[in-house]
Amino acid sequence: MATEGNNLSQYDKNTIPNAKDFRFGIVVSEWNEEITEGLFQGAFDAWIENGVQKENIVRWNVPGSFELIYGCKKMQQSFEMLDAIVAVGNVIQGETKHFDFVCDGVTQGIKDLNVQTDIPVIFCVLTDNNIEQSRARSGGKHGNKGTEAAIAAIKMAQLRKDAKFYKG
């Protein structure tokens, strides 16, 4: 396993753009709440640590990971001033093909939002084989994918800002 023994949430703060003026949205699935709350906390803490003001973070909840697509789309439409959105979910492999359908649908839906709209949506959906893997990646021994998603959101917000500058 590529992540075995590694905490993937370590980053060099000096390589992160100044985020004090950025505004972020985060849409969180209520399914597997233990995991998604850990991911949310990782993202929130990373934003605060990098200068984002609490009042510049908007959170919405949706029932499950499949609903993240609609939640992110509506957040884009409702808060056009947002610089990026993070979609937080967790799908754990079961005995049926439901896992595959949900994972494929969410992945394609988030991709479509990125292609069709101007506010970047960061994919922070854990797709693990079991709950232990999810725990390890939501604040456990492998770090917190929520932290990584927040850093990606900051970098994409900066890219979006830079692209607008060059466009004129």
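Cβ from N, Cα, C; glycine included.
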Q.
Can you find which of W31, W47 Swiss-Prot lists as binding 5-amino-6-(D-ribitylamino)uracil at the same site as S65, F66, E67, N90, V91, I92, F123?
A. W31
Q: Identify, among the recorded positions H98, R137, the residue whose Cβ has the fewest other Cβ atoms within 10 Å in this structure.
A: H98
(Q) If I restrict to non-local contacts, at least six residues apart, and a C-beta distance under 8 angstroms, what lies near I92 (5-amino-6-(D-ribitylamino)uracil binding site) in its own chain? (A) N32, F99, D128, N129, N130, I131, S134
Q: May I ask which of the recorded positions E95, T96, H98 is closest to F123 (5-amino-6-(D-ribitylamino)uracil binding site) if we compare their C-alpha atoms?
A: H98
Q) Over the residue list W31, S65, F66, E67, N90, V91, I92, F123, recorded for 5-amino-6-(D-ribitylamino)uracil, what is the maximum interresidue Cα distance in Å? A) 16
Q: Out of W31, N90, H98, point to the one nearest R137 ((2S)-2-hydroxy-3-oxobutyl phosphate binding site) in space (Cα versus Cα); all of them are recorded positions in the record.
A: N90
Q: Going by DSSP, give the three-state secondary structure for N90 (5-amino-6-(D-ribitylamino)uracil binding site).
A: strand
